[in-house]
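The FAD binding site annotation in Swiss-Prot covers 121-124, SER130, 153-156, ARG272, GLN339, SER343, 366-370, GLN387. For TYR243, ASN244, the entry in Swiss-Prot reads substrate binding site. Per Swiss-Prot, the feature site 'Important for activity' maps to ARG84; the stated evidence is similarity to another entry.
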Amino acid sequence: MYSLTNAQKDLQLKARDLAQCAFAPTAANTDVTEAYPWANVDRLLTEGFMGMTIPKEYGGQGRSYHDTVIVIEEMAKACATMGRITVEANMGAIGAIMNYGTEEQKKIAAAAVLSGDKPAICISEPNAGSAASEMTTRADRKGDRYILNGEKYWITGGGVSRLHLIFARVFDDGVDQGICAFICVREGNSPENLVVGRRLYAMGVRGIPETHLEFRDLQVHKSMLVVPPGGLKRGFASLMNAYNAQRVGAGTVALGIAQGAFEEAVTYAKERQQFGRPIAEFQGLQWMISDMSIQLEAARLLLHAAACSGESFPDIAMAARAKIFAAETANKVTNDSLQIYGSSGYGRHNPMERHVRDARMFTIAGGTAQILRTQVAGSILDMKLPQTRGGFLPK
């Protein structure tokens, strides 16, 4: 059983106040306009909720992942878009750079996030999704620079992010050295060799653009190489470690969305009258509400446990278990909450249909529930999944 310290309870209340006062009132408009909420991001920054995990010596707060998931849930409960932005501003790319980067790289990344940037982690490609190690974006060594060519797909924050962590297959004198990561900071308008392609309009969490990115002879200095060559044992494994934290964050966004939907459904059940009494008095709905509360609390326990596991990053199996359960719980709870609303919840005037759409992505993005189940099985069986083959091989 987890428990929050007094300091964490204060942090939770601070996050809740900001989310409910500033982000909840604009959530519907963000969904409709599909515009990046710059003003809300500014508030997130000024209130100290960006760069929370960055060490104090680089200007951050040095907070734990446990602290961070407490904040993420509150943000996501008010607005799914702000929940995701909170994840990206504290986990994922920034975590990889702060753990594996040089001093110069850490300073660059910290400065970007602490000025309000949401870093973009660039890994997925049109033909390399779950099988990420099959990526074809390449970086050819030329003197003191690498020349990047290729295409990335479903890049969260494409077009609004300045700091990019780009994963590519490195070639030195034509020899494949494995997968590495590079920092690229986009200043002003996108240069010709870093092309922001078409936006991929999504079903939910619509306030953050998902885009194609194309690299056309993009030059990156060798000093911006974050994860050195080494194939699956070094570069790629390091990337997956950074993803553990991001998966816990994504699962927490799903939890926040579901918790918000659940609370709205409970209020509605108490107020809605049918057959001369509140529908909350009917046993069928009581059982639905009871089951939802059990599932939500179980998801929260798993997420908090995962956030506290591991060393630099959460444990891979714990992160996978937590994300699977939280994401599937969110899909069920939002659908059951809509069911309690009936036809009213199905209408676009009601936030419930938005909650259902927002929750749907989390069994897919950041690792599908099926791939993550394979990771969990691998940890139990002491085996791993080589993504290039799609089957198990001994370690």
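Every residue, even glycine, has its Cβ placed from backbone N, Cα and C.
This view paints the features noted in Swiss-Prot onto the structure.
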residue: ARG84; record: site 'Important for activity'; DSSP class: helix
residue: ILE121; record: FAD binding site; DSSP class: strand
residue: TRP154; record: FAD binding site; DSSP class: strand
residue: TYR243; record: substrate binding site; DSSP class: helix
residue: ARG272; record: FAD binding site; DSSP class: coil
residue: GLY366; record: FAD binding site; DSSP class: coil
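When Cα-Cα distances from TYR243 (substrate binding site) are compared across the recorded positions ARG84, ILE121, ARG272, GLY366, the shortest belongs to GLY366. For the recorded positions ARG84, ARG272, counting C-beta atoms within 10 A of each C-beta gives the highest total at ARG84. When the binding-site residues TRP154, TYR243 are scored by other C-beta atoms within 10 Å, TYR243 scores highest. Among the binding-site residues ILE121, ALA369, the residue whose Cβ has the fewest other Cβ atoms within 10 Å is ALA369.
Cβ environment of ASN244 (substrate binding site): GLY310, PHE313, PRO314, ASP315, ILE316, ALA319 lie under 8 Å away, each six or more residues apart in the same chain. Rounded to a whole value, the Cα-Cα separation of ALA369 (FAD binding site) and ARG84 (site 'Important for activity') is 18 Å. Cβ crowding, taken as the number of other Cβ atoms within 10 Å, peaks at GLY366 among the binding-site residues SER124, GLY366.
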